[in-house]
Every structure is written in C-alpha cells, then in structure tokens.
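Colleague: One structure, pasted below without further comment.
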Amino acid sequence: MSDDHPTNGLDDVVHQKHRLGILTIAAESKRVEFGYLREALDLTAGNLSRHLTVLVDAGLLTMEKGYDGKRPRTWVGITRSGRAALHKEISALRALVARHDS
Amino acid sequence: MSEASELLDDVDALRRKARRDGRGNAFPLLLFGALILVAPLCYRENDPPPPGKWALVDKGPFPLFGSGMFSDLRYPSLVGWYWVLAIVVGLAATVWWYRRRAQQVGLEIDTRKQLGVVGAAVAGFLLGVPLLTSFVDTPTTLYSTPEINLPILFGAGLLSALVLYWSLRPHRTAGPRAAGLFVGLFLASTAFAALGIYLRFGFAALLVIAMAVLTLAWLERSLLVAVVGIQFAAAALLVNLGVLASWNADHRIVVLGSLALPALILIVGGVLAAVTERAGRR
C-alpha cells in the first residue's frame, strides 16, 4: 500500500460510524443536545456517553452541562480541530470510493 | 469498500436530518415582513410652511435609512431610528428564536455569521459612505464617477468573498481565520459603502434585511429561503432605485406602495416555511 493511499487519511478516532455521525450533526449546528444525538443515532445513553468522551478527549468536541428548569441537559459543540478531522475523514472516504469506482 | 460508501450515505442522511431539524426560518421571515409593513406609518408629511416662509430640510440621523427623496417629513429622525431599530430588534429576536427553538428541538444553528454579514452591511451604509466620500478623491462626486466607484464596489465585493471563503475553510487555524474574517468583513463593508453611494431613496435597510435573509438561507442550507432571499433582494433593489414608487400621493401611501412587494415576499415565504416545517414534523 503506497503512502498516498486514501486509507492513510482515515483517523481511528473519527473512523467509526457513530463518532462520524456525532461529528456530522455537530458540524451542522452551533450546539446539539445529548437527547437529540441519542435519538438521531439510535444509541443508548451509555454508548453515546462513551463515544462523546472519546471525541472530547481528542479535542474534537466540547461539552457543556446545564439545566433547563430542573431538567439537566448536556450540549455538545464541535471544535475547529473537529471540523478539520471530519473534513479530512470525508475527503478520505470519498477518495476511497472514487479509487474503487475507477 | 462498500463500508466507505455506506458511511458516506449515513453521513449524508444525518446531515440532511440535522439541517431539516435546525430550520426555523418562518419566524424571522414573518417578523421582518411585518416590520417592513409597519414602516410606512413613520412617513407622516409635515404641514406646508406658511406662505412666504421656508422650512429647513431635515434628512434625519441616518440618510441612507431615512427620508430619501422626501424633504417634508414631520419626523425624519423617527424614520431613521425605526429602520435601525427594526434591524437590531429583528436580529435580536432571530437569535432569541433559534435559542428558544434549540431548547425544544435539541439543535441550534449558529447565527453569528448572520450577525457578521449584517454588521458589515450596516457599518458600510452608515459609516462607510461618509468615510469613502472623504477618502476617495474625485473630480466631482463618487456618484457621478462610476469609473472610480464601480471598481471599488465590485473589487471589494469579490475580494471579500474570496477572503471569507479562505478564512472559513475547515482546516484554517484560529489566527489566520480571525485575521481573514476581519479583512473579509472590512472589504464587505467597503463594498456596501460603494453601493450606498447609489442609494438615494432611503431604503438601504431593505438591502441589509436582504443580506440577513440570504445569510440565513446559507446557514440553514434552505432552498426555500434562498429563493425568497433572491426575490426579496431584487425587490429591495428596485425600491432603492425608485422603480416601484409613484411620488404623487400621501407619503405613507407612496411608501406603502413601495414596501408592499418586498414585505409580501417575506410574508408569503414565511407562511410557506411554516407550512413546510409543520409538514416535516408529521
């Protein structure tokens, strides 16, 4: 496999269906709520928490906890690094598909 | 390899869903439409001066957001302040609306870009026009020297678009991004200032609202708002060129005649957006 093979552009942190989904939704918004992500990605709260922790630890997301009245809410926002990582991952996936199709 | 295709399909589906759920454009369209429809009430005519007396012409605090071709308004300052406050209140209410909506839907779109573009337009029209007129030396005026003003207008506009595009690329780091945004918005203000030179009818606020609607279409990736925004921008341009007005009636009727079309475009667009949003929730 040569150095410029598209798979070299794939990032282990991002190259996972649900984490890619979280970043995609976060990139379309200023902030997104935990419950919205859980429903959109059809994940359990525990699974979503684990993916979010990985992405926050990698500096790709920020997390903000607060209250709406008495109801606790967790909001997630994407960082500049997160946008760059998502952009790179999508480009690598497209290159991979294009290489396969050609 | 099919895994890559599947991932891309999933990403596309999630992106479409997030964009659809983030849309809440009916409220800002209806609000700005209503604010435009109310504006004619401010254009009350002054009583004619007694025979043999002259009345001073007051153009109000913001000539481009003011009395325009009318020289006999009773409250020219009210007209200027109405338009400035309509923009400020309209934008503040839009930000409030998207925050309130985010609490219900769980997703909030980023309206900061809209504030940046509208800020550049307001700064260009209110501050840029006098600055440009005083800095650029012409044999007569900038209005009568398009060979000087048009290159400034189109040059600054094009450069602004390129610099802003460059700044907003996802991989751009914080420092160059901030510098690019500053330069891009400054160039955008300069382009608006050069455009303001040609706006003689006092309805520049409509063009600011047009920028707000077009930016909203971009933020929401909404075809409906884009179509509404383009139609509204065209109508706003016609009003600013004096095409829609007939000047032989009560000022409030004249202004209503001019503003009815742009206001109607926003209101019809808002109603369509509300119907689409409601259908999407079912």
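All residue numbers here begin at 1 and follow the chain in the order shown.
Any Cβ shown, glycine's included, is placed from N, Cα and C.
The transmembrane segment annotation in TrEMBL covers B:25-43, B:79-98, B:118-136, B:148-166, B:178-195, B:201-219, B:224-247, B:253-275.
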Colleague: Do the transmembrane segment (B:178-195) and the transmembrane segment (B:79-98) share at least 3 Cβ pairs under 8 Å, sequence separation 6 or more?
Modeller: no
Colleague: With CB pairs under 8 Å as the measure, which of the listed stretches B:25-43, B:118-136, B:201-219 comes out on top against the transmembrane segment (B:253-275)?
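Modeller: Against the transmembrane segment (B:253-275), the leading stretch is B:25-43.
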Colleague: Using a Cβ cut-off under 8 Å, which residues of the same chain at least 6 positions beyond either end of the transmembrane segment (B:25-43) come close to it?
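Modeller: Contacts of the transmembrane segment (B:25-43) (Cβ under 8 Å, skipping residues fewer than 6 from its ends): 67, 70, 73, 75, 78-79, 82-83, 86, 89-90, 93-94, 97, 206, 209, 212-213, 216, 220, 222, 224-225, 228, 251-256, 259-260, 262-267, 269-271, 273-274, 277.
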